[in-house]
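The structure appears below as structure tokens.
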Amino acid sequence: MSFSITLPDGSKKDFEESLTIADLAQNIATSLGKAAVAGKVNGELKPLDYKLDSDSEVAIITNKDEEGLDVLRATAAFVFEAVAKCEYPELRLGEHVADEGGFYVDTDKDDQIKVGELPKLEKAMQKVIKNGEKIEHVQIAKSELEELYKNDKFKSELLAKVEGDTVDAYKLGDFVDFGFDALLPNTGKIKQFKLLSVAGAYWLGKSSNPMLQRIFGTAFFKEADLKADLKRRQEIKERDHRTIGRDLDLFFVDPKVGAGLPYWMPKGATIRRAVERYIIDREVADGYQHVYTPVLMNLDAYKTSGHWAHYRDDMFPPMDMGDGEMLELRPMNCPSHIQIFKHHIRSYRDLPLRVAELGMMHRYEKSGALSGLQRVREMTLNDGHTFVALDQVQTEFAKILKLIMEVYKDFDITDYYFRLSYRDPKNTDKYFANDEMWEKSQKMLKGAMDDLGLDYVEAEGEAAFYGPKLDIQTKTALGNDETMSTIQLDFMLPDRFGLTYVGKDGEEHRPVMIHRGIVGTMERFIAYLTEIYKGAFPTWLAPVQAEIIPVNNEAHGEYAEKVRAELAKRGFRVEVDDRNEKMGYKIRESQTQKVPYTLVLGDEEMKSGKVNLRRYGTDEEISKSLDDFINEIDADVKSYSREN
């Protein structure tokens, strides 16, 4: 028997006898043999004991490769399963996943595993790891595993999907599991790991299935990498808008009342209102006419627009009014703004016609996808549509983009990039069928970006079905890539709804419709801001801009109220903390609530008409006249406003 192994650099090695991936790594270099954790054979991940006996392309996976981390984490998940099953014999095991985020294992028992039990399980894992116990890679008859898992409905369901009479499996002592591509040969190679958290997860991700308990963990080859990852996770936890929203009392969601339906508490509503007022003022100044339109619309409108055909799964069921009329909660605002355009006869003199709305919409999101304010079932979109003549498209596009950039500057959004999204030329069936339109509109978008001198990436297959678009992708504080703003060219809806305007020639012409969102939905945008600012909102957005603390309520309460009234009269959001608590506690509470300014008022301040000032995040105390403080906070607010 003679065969060749082709390595990633193109070199070949010839062998007369079969050998394992581990043998091959050792043959190439002793150091590679020590670092090897798995191999890729013809593109498929295989364990070190996998036998090579025919011509193959092989890459050795080491502890320095990303896929090496996946193997390590899969092994840690396997050891967790073995330990958990030993600790809780009645435990049922579901899916296990290892990836760049760590690993997780779905479990189920009458009394689910609680987060407080993780240290005990971690200690048991450490014992198994310290012993360096062998992990056997075995082939087991499927019938044998069926008998083993006969009382575990989840494993039985997974096993039923495995083809063939034998199953590729792994053993650790008496414990057996399957579904792993490759594991390390012994537990001692798991250097650094941590069990992180528990959460509920539907079996196979379907809300109609039972809720299981998902155990999360991670693993690394180096202690420094684990420490850095845990630090990163702590930062993410501290920035999570759901945590901050709870701690600062901004919003809440009660599944008993309605999952994905947030309640805005007074402080959260104040932030949202500040954002909404800013956006409306910005848009009105830019020539938009703000409107209100109904959240319900006749289903026929969405059939005409194509939304019913393309987005039915994301829409709530229609409501039968009993007289043949079917009403639908709107998933998008564009058909509503089309009605605004159609309500009057339009002339070329009316164009560009800019319509904007903070429009409430509803999307049928599955419960498993819901998350705080980021994924909800009811949302308010900062939506706008401009109706233009064909020769106005490029100019209007540039104008919209300029507005977006100005808004980004005011909110200090700097980490973003532009993506031009085109139709897929190899799969044109799912797009509006007009090759000339697509070619023309894509050139318009590209030309507008080039004229502005902006860098962008181009992505085929990312366009909407009715036209190409510009997506502005931002990085969230948690490191996720998210679409913040969108500008879309639409030649289809004006055609479907029969939109026309009278041109200079007295003839009817079809307008082009530009869809645009400056900051997306209020819910997602405020989640984004909460995480970027870590709850410490700039003064112009802060729900409470100044907290007044009288040293003694009886002696200084009247002066505190006078200062409050003076600030409130000028439009600042200010509160007096007159609770019967120690002053130090109230100052710490003001810092915990991330109030930009804390004003302490005592005898000296009352006599001199001054305030003792502390900025959020500092211990420095500054004495200022009330007038000087008013000038300071006024300048602070304006420094974040649209005038700058």
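Here the Cβ of each residue, glycine as well, is placed from N, Cα and C on the backbone.
Matching His137, His509, His515, His556 to the Zn(2+) binding residues that Swiss-Prot gives (Cys334, His385) identifies His515.
Taken residue by residue with DSSP, His515 (Zn(2+) binding site) is part of a strand.
According to its DSSP assignment, His385 (Zn(2+) binding site) is in a strand. Around His385 (Zn(2+) binding site), a 10 Å sphere centred on its CB holds 24 further CB atoms from the protein chains shown.
All protein chains included, His515 (Zn(2+) binding site) registers 23 other Cβ atoms within 10 Å of its own Cβ. Other residues of the same chain near the Zn(2+) site, with their Cβ within 8 Å of the Cβ centroid of Cys334, His385, His515, are Met332, Asn333, His337, Ile338, Asp383, Gly384, Gln488, Asp490, Leu493, Met513, Ile514, Arg516.
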